[in-house]
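Beneath this line is the structure, given in structure tokens, with notes to follow.
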Amino acid sequence: MLLGHFVSPLPTGFLMDWFGRKRTCIYLSILPFTSWFMIFFASSAVDLYIARFTAGLWIGVTTTVMPLYVGEIASPKIRDSLMTINNLLMNLGVLFSYVIGPYVSYHMLAFCCECLTIFYFCLFFPMPESPHYYLRQQRREDAYRVLSWLRKGESEESIESEINRIEKAIEDQKLQKGTLKDIFFDDGNRKAITISVTYAILKRMSGSSVMQAYASLTLPDKTLKMLSRNTCVIIIGFISLFSALSSTALAVRYRRRVLLTVSGGGCALTMAIVAVWFFLNNYTSVSVAAFSDIVFLSIALYYLFFNIGLGPNGTSIKGEIFSANVKALSSSLTSLVVAFTGFLMNEFYLIIADSFGMYINFIIFSAASSLAVVFTWTYMPDTHNKTLEEIREILRDTENKQNSNVISSKS
């Protein structure tokens with residue numbers, strides 16, 4: 001599945017600029033449908049491998065397109081909240097599999113998940129295309145119609161003003177073709193790709209995905225003297241869903257920097273506690289078996305903290321910081337980094353545990369979470385309640401100031 005995730009972002013970036021954000025997601029929704037169809041009728045391991053690869057392709061599509069689509073259709077006041085919904089629904093999907101899976105047959109689970117892909121298609125089909133895409137295609141009337149529907153209740157002057165802002169930003173960026181050179185040699189784009197890629201790496205290295213994959217091997221045999229590992233995984237799923245739901249409300253009240261600081265700090269602390277427990281249990285004579293519950297409780301708290309900051313913001317931030325001409329390519333590159341980092345984390349988790357000790361994994365998770373906090377306060381601008389155009393100006397201005405400071409110090 002991670003291989004499929006690695007393959008699809010770059011082609012998706014071209015498709016979303018060619019067909020549009022919405023149509024790309026509609027056309028490629030055949031991927032999850034095909035995946036679950038193959039799983040239902042699989043007769044060999046090869047069939048399952050192909051099905052999982054196809055599912056990975058769809059993950060690459062959604063992580064590339066959806067943050068940009070939501071960032072382009074949402075008003076500044078609600079954009080932060082909407083960006084968290086993807087993380088909320090992902091946690092809901094994971095919990096669905098955790099809760100339903102043990103109690104239904106293999107084929108029934110595949111059928112239920114297949115129905116969800118059809119449900120997605122029916123819900124998303126009537127949604128509008130991004131007004132940014134329409135304006136890039138010089139379809140101003142379509143952009144105005146969509147924006148009027150999205151900003152229902154706002155005055156015509158306000159809608160016209162937003163259209164003009166988007167048009168001006170697109171015109172200013174038409175001199176650049178949207179190549180790799182434009183990403184790394186433009187001051188604002190260079191800072192944007194640094195922020196997006198760094199958060200993508202730190203989010204994966206904080207351990208959320210790999211702990212889900214290996215929870216049954218990581219958690220103690222019995223928690224609270226009665227809970228099995230599978231039960232603990234389901235409880236963690238509920239905690240993740242609750243915290244993801246809370247993050248939607250928290251995004252309205254608190255700035256992203258605050259949420260990322262609390263989230264990263266909480267994740268770092270809980271992972272450090274787990275690392276200490278595994279070190280004491282496996283490499284010292286100190287008996288900590290009686291305190292094995294702390295592993296489950298710390299991991300549960302980790303997901304509580306993760307889903308209010310690092311979870312939703314680590315991915316969604318790319319939906320608001322790139323200029324129009326490089327959005328697709330930059331989002332694709334970030335998704336590639338996410339897939340590659342996830343692959344490395346999954347592959348080396350057990351290798352590190354066997355060769356150096358399980359506690360080393362959790363030291364890495366804690367260090368990555370701590371670095372996310374440091375990076376938030378040293379490099380990321382405040383984007384709260386700002387338009388996409390205002391965010392672009394902030395990125396360009398701060399990068400120019402940093403370059404000026406470097407030149408001044410040298411002279």
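Even glycines carry a Cβ here, placed using N, Cα and C.
From a predicted model like this one, the values you see are computed outputs, not experimental measurements.
Annotation comment: TrEMBL describes 1-384 as domain 'Major facilitator superfamily (MFS) profile'.
TrEMBL lists 25-43 (among others) with the feature transmembrane segment.
Positions annotated as transmembrane segment by TrEMBL: 49-70 (among others). Note on the transmembrane segment (49-70): residues 1-9, 12-13, 16, 21-22, 24-25, 28-29, 31-32, 34-36, 38-39, 42, 79, 82-83, 85-86, 130, 315-319, 322, 327-328, 331-332, 335, 338-339 of its chain, located 6 or more positions outside it, place their CB under 8 angstroms from a CB of the stretch.
Here TrEMBL flags 82-100 (among others) as transmembrane segment.
What TrEMBL records for 106-127 (among others) is transmembrane segment. Note on the transmembrane segment (106-127): residues 22, 25-26, 29, 32-33, 36-37, 39-40, 93, 96-97, 100 of its chain, located 6 or more positions outside it, place their CB under 8 angstroms from a CB of the stretch.
The transmembrane segment annotation in TrEMBL covers 232-252 (among others).
Residues 206-207, 247, 250-251, 286, 288, 291-292, 294-295, 298-299, 301-302, 304-306, 308-311, 313, 357-363, 365-367, 369-370, 372-373, 376-377, 380 of the same chain lie 6 or more positions beyond the ends of the transmembrane segment (258-280) yet place their CB under 8 Å from a CB of it. Taken from TrEMBL, the feature transmembrane segment covers 258-280 (among others).
Taken from TrEMBL, the feature transmembrane segment applies to 287-308 (among others). Remote same-chain partners of the transmembrane segment (287-308), defined as residues 6 or more beyond its termini with a Cβ less than 8 Å from a stretch Cβ, comprise 87, 91, 206-208, 211, 215, 218-220, 222-224, 227, 232, 235-236, 239-240, 242-244, 246-247, 250, 259, 262-267, 270-271, 273-274, 277-278, 280-281.
Beyond the ends of the transmembrane segment (328-352), by six or more residues, the same chain brings 2-3, 5-6, 9-10, 12-14, 16-17, 56, 59-60, 63-65, 67-68, 178-180, 183, 189, 192-193, 196-197, 200-201, 203-205, 207, 209-210, 213-214, 217, 315, 318-319, 322, 360-361, 364 to within a C-beta distance below 8 angstroms of the stretch. Per TrEMBL, the feature transmembrane segment maps to 328-352 (among others).
The transmembrane segment annotation in TrEMBL covers 359-380 (among others). With a cut-off of 8 Å between Cβ atoms, the residues of this chain six or more beyond the transmembrane segment (359-380) that come close are 191, 194-195, 198-199, 201-203, 205-207, 210-211, 256-257, 260-261, 263-265, 267-269, 271-272, 274-279, 282-283, 310, 314, 317, 349, 352-353.
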Long-range neighbours of the transmembrane segment (232-252), counting only residues six or more past its ends (CB under 8 A): 78, 80-81, 83-85, 87-88, 90-92, 94-95, 98-99, 215-216, 219, 223, 259, 296, 299-300, 303-309, 311-312
Per the Cβ under 8 Å criterion, with at least 6 residues separating them from its ends, the transmembrane segment (82-100) contacts 62, 66-67, 70-71, 74, 109, 112-113, 116, 212, 233-234, 237-238, 240-241, 244-245, 247-248, 251, 307, 311-313, 315-317, 319-320
